Ligand SMILES: CCCCCCCC/C=C\CCCCCCCCCCCCCCCC(=O)SCCNC(=O)CCNC(=O)[C@H](O)C(C)(C)COP(=O)(O)OP(=O)(O)OC[C@H]1O[C@@H](n2cnc3c(N)ncnc32)[C@H](O)[C@@H]1OP(=O)(O)O
Ligand SMILES: Cc1cc2nc3c(=O)[nH]c(=O)nc-3n(C[C@H](O)[C@H](O)[C@H](O)COP(=O)(O)OP(=O)(O)OC[C@H]3O[C@@H](n4cnc5c(N)ncnc54)[C@H](O)[C@@H]3O)c2cc1C
């Protein structure tokens, strides 16, 4: 759970080679990487810049006389900082640097760079590399720093699948300006399933424990109730169970789209890039945020024992919450999706609705009201309405500021909170729609019934959560919201008998969960005592600190 020093080798180094190195280059490097003869990482972020890639400072200047690139770290803020596995484990890196050819700055490009000797593992001359120190979590990964002192690499180490520098310095442009960002898009495409998995782990622990823990009464009776029978406990946990499934379904779709994109790009078709970038930017942001919230609620749902490391939920939280930052800070990525939404509104205003992609076509179609009692389809229309309303509102605000003479960037900044709200609503609509579609495709009728209950829970929970938007223009009435509330409570109770099966179906082993509270056999109390007894503080009855500090204090006459 704390990560693995080779994680980035698999998650980013190899995928960057697959997507960005030419076939010829990969004949040389990929097999070696796959066999782990060389170990690599993805070195992009710098001490001074992570979000704004166009301002990366590491330079790769082409020297036509030797046909080499000279990598250099001009100042302290240009040090690579954060890359996982960079500090100690990797002997190679895909380094993203600002490429300069014939004095022309050509923007961020990726290079394969050897950092350490393959035999001794010592860092090479011209390379400064090390670990950045302990972090909130992921402490089994050596996130590192890296500096170059006019370090030379062959021209052929520029990853040349999509763009090239010829020996004479002629630059051949890629088919899409952002094609070198593909390793990031890949990770973002995988993050919804990865985060769904973290959420699922925390929920398995909390739900299982909530059937072991008995405290208080609902009706006066002989035995105290399992805390899972409290409506508040169900409200805390069950909507997150639905989300863990929803995120997984949405993630399957983005992974499939990424694979499709890879194939299409190889045939020169880059049309999917903008759509997938917008989609994964929003999805990674919403999913990581909601996952972190869900895990924290799962911890609190375990009361005092949730706070103990024996629950293991704090570890899961630490790792999962990193996703709000890595692969693009969430606000920054929500604003990337917002660009796409605003452009869509501009297209509609220009009478070009026909050109809108399928995920944003709803922005052009107004709906006057919904009859929620007719079922999930009507909820989708309500989600579309709130997303459309907010997207138009935020876009109009931005466009009005522009018209009033504000500079584009200033107008954008002044509209950015509203824009991020639009991005979240659009993404939540996407999640609900993929959830609905995925459940419709389930063949087993009993499984479909349980998942349909979860879907109903999800849409009612979500609509209530975004109710202010729907009330704002009178789209939903307060009696409709009462209906949504009643439905929510109905589905909480309906899901209760299946809650343990729903989390058990994820099939985490005790070894994976590492949680005393979430044990499959439910023997929580005996094992909490055993876990406490194993604490290093309990190795001796009396600690050395008694003689050293406590006694002098207790015996002091002052
Ligand atoms: C839960 C973890 C899951 C991870 C799983 C990964 C997959 C693994 C699979 C299986 C393995 C499972 C095992 C899991 C084990 C887990 C182990 C631990 C994993 C830890 C992983 C940690 C990895 C972390 C790595 C990193 O963080 S790398 C660094 C990431 N950095 C960023 O993301 C930087 C963010 N910034 C940017 O991307 C860019 O700066 C920007 C914000 C996009 C802006 O770029 P730029 O300035 O160049 O462009 P703009 O001017 O803003 O826009 C101009 C137009 O370009 C369009 N655009 C931008 N980007 C793209 C793109 N990528 N594609 C297409 N188009 C793009 C933009 O939309 C603009 O268009 P316009 O039309 O509006 O003009
Ligand atoms: C666990 C972990 C693993 C990582 N692994 C890697 C790795 O393997 N390789 C790698 O290269 N990097 C890695 N990183 C770095 C990571 O990708 C960056 O930290 C991340 O992209 C955020 O960039 P930043 O640190 O520059 O944040 P900043 O941009 O400095 O963010 C600070 C604040 O500024 C705000 N902000 C910044 N720009 C804007 C804007 N335009 N509009 C509005 N608000 C803005 C942000 O929203 C945030 O609130 C990792 C980071 C972490 C935490």
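Glycine too: its Cβ is placed from the backbone N, Cα and C atoms.
Going by TrEMBL, these are the annotated features:
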{"type": "DOMAIN", "residues": "2-39", "note": "domain 'Acyl-coenzyme A oxidase N-terminal'"}
{"type": "BINDING", "residues": "45, 84", "note": "FAD binding site"}
{"type": "DOMAIN", "residues": "181-342", "note": "domain 'Acyl-CoA oxidase C-alpha1'"}
{"type": "ACT_SITE", "residues": "327", "note": "active site, proton acceptor"}
{"type": "DOMAIN", "residues": "377-555", "note": "domain 'Acyl-CoA oxidase C-terminal'"}
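A coil conformation is recorded for residue 45 (FAD binding site) in the three-state DSSP classification, outside any helix or strand. The Cβ of the residue listed as 'active site, proton acceptor' has 23 other Cβ atoms within 10 Å, all protein chains considered. The Cβ of residue 45 (FAD binding site) lies under 8 Å from the Cβ of 80, 81, 82, 83, each of which sits 6+ residues away along the same chain. Sequence-distant contacts (6 or more apart, same chain, Cβ under 8 Å) of residue 84 (FAD binding site) comprise 3, 7, 8, 12, 41, 42, 138, 141, 142, 143.
DSSP classifies residue 327 (active site, proton acceptor) as coil under the three-state reduction. Residue counts for the domain 'Acyl-coenzyme A oxidase N-terminal' (2-39) under DSSP, helix first, then strand, then coil, are 26 helix, 0 strand, 12 coil.
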